[in-house]
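Let me begin by presenting the structure, written as structure tokens, before commenting on it.
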């Protein structure tokens, strides 16, 4: 079949709801704004407050930045499409969205594994923590987590740009996801599917194994702590991280660690909302506002603002 030279794609989004899809705009907008403001607040606090200038919060700041960028890549267009009668995205815009969504998503999993390594060293090797997790090492870990996916995703997005899209230009999703794009192609995508699976193994499953092994050692070490208060404190520093690890990895493994085009797209839309909106929304609450150090910083900032208001009045 001859290739149709599409200059744009139609995004079906939540059109199955019919005219009721406009009712999704309010809740999605609220979740997006809370996620954006909450993660931005984390980034500002990590940069501005010297009490948070530690490896743990350095990686948390990176993760919050990634969550902010992931939502900005997908959600604003999704919101505008909910109000549009005909939701379209240019071919170039689709490829750009594809590239940044999967690059940022892969980076976030590597940062999560960096955070697990940091907790592993802090709990299992506390006497060597200052030496092993010095700033140069933290910067190298974060730099590798950012650079590797962005470089590895270049051939992936180029391969999508060169596919023959003979089965129309209607993407049954709210963004340019991988499976719906492959379903539109009449090219042989067997090698691409193998490459996608290799990429998923490299970035998702490998980082998951690092996290799993790290927490295996952490649990073993914590259970040997004689005092119950000590065990509770150690587990409390890891509980928030494990919550996001479970949500992030379970949804991504469900969506992408499955080679082939035979995906239930309607189910995938719902699960994709977890990574696009729900996880960034939960991050400030799960990771930060339960943290005593961050709450102390927030209380200090509120007291300073209150004192400034009293001085001005």
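For all residues, glycine too, the Cβ spot is worked out from N, Cα and C.
Nobody curates TrEMBL annotations by hand; they come from automatic prediction.
Quick caveat, the model's predicted, so the values are computed rather than measured.
Taken from TrEMBL, the feature domain 'G-protein coupled receptors family 1 profile' covers 38-287. Per-residue confidence over the domain 'G-protein coupled receptors family 1 profile' (38-287) averages 89 (mean pLDDT, predicted model).
Feature annotation from TrEMBL assigns transmembrane segment to 22-44 (among others). With a threshold of 8 Å between CB atoms, the same-chain residues lying at least 6 positions outside the transmembrane segment (22-44) that come near it are 14, 60-61, 64-65, 67-68, 71-72, 75-76, 78-79, 82-83, 277-278, 280-281, 283-285, 287-288, 294.
What TrEMBL lists as transmembrane segment is 56-75 (among others).
The feature transmembrane segment is assigned by TrEMBL to 87-112 (among others). When Cβ-Cβ distances below 8 Å are used as the criterion, the transmembrane segment (87-112) is approached by residues 6-13, 59, 62-63, 66-67, 69-70, 73-74, 77, 80-81, 142, 144-146, 148-150, 152-154, 156-157, 160-161, 171, 175-178, 181, 199, 203-204, 207-208, 211, 241, 244-245, 248-249, 252, 275 of the same chain, each at least six residues removed from its ends.
Here TrEMBL flags 132-154 (among others) as transmembrane segment.
Annotated transmembrane segment per TrEMBL: 197-218 (among others), in sequence order. Sequence-distant contacts of the transmembrane segment (197-218), counting only residues of its own chain at least 6 positions beyond either end whose CB sits under 8 Å from a CB of the stretch, comprise 106, 109-110, 112-113, 116-117, 119-120, 123-124, 148-149, 152-153, 156, 234, 238, 242, 245, 249, 252-253, 256-257, 259.
The feature transmembrane segment is assigned by TrEMBL to 239-258 (among others). Sequence-distant contacts of the transmembrane segment (239-258) (same chain, six or more residues past either end, CB-CB distance under 8 Å): 105, 108-109, 112, 115-116, 119, 178, 196-197, 200-201, 204-205, 208, 211, 215, 268, 271-272, 274-275, 278-279, 282-283, 286-287, 290-291.
Feature annotation from TrEMBL assigns transmembrane segment to 270-289 (among others).
Counting only same-chain residues 6+ beyond the ends of the transmembrane segment (270-289), those with a CB under 8 A from a CB of the stretch are 28, 31-32, 34-36, 38-39, 41-42, 60, 63-64, 67-68, 70-71, 74-75, 78, 105, 173-175, 177, 240-241, 243-244, 247-248, 251-252, 254-255, 295, 298.
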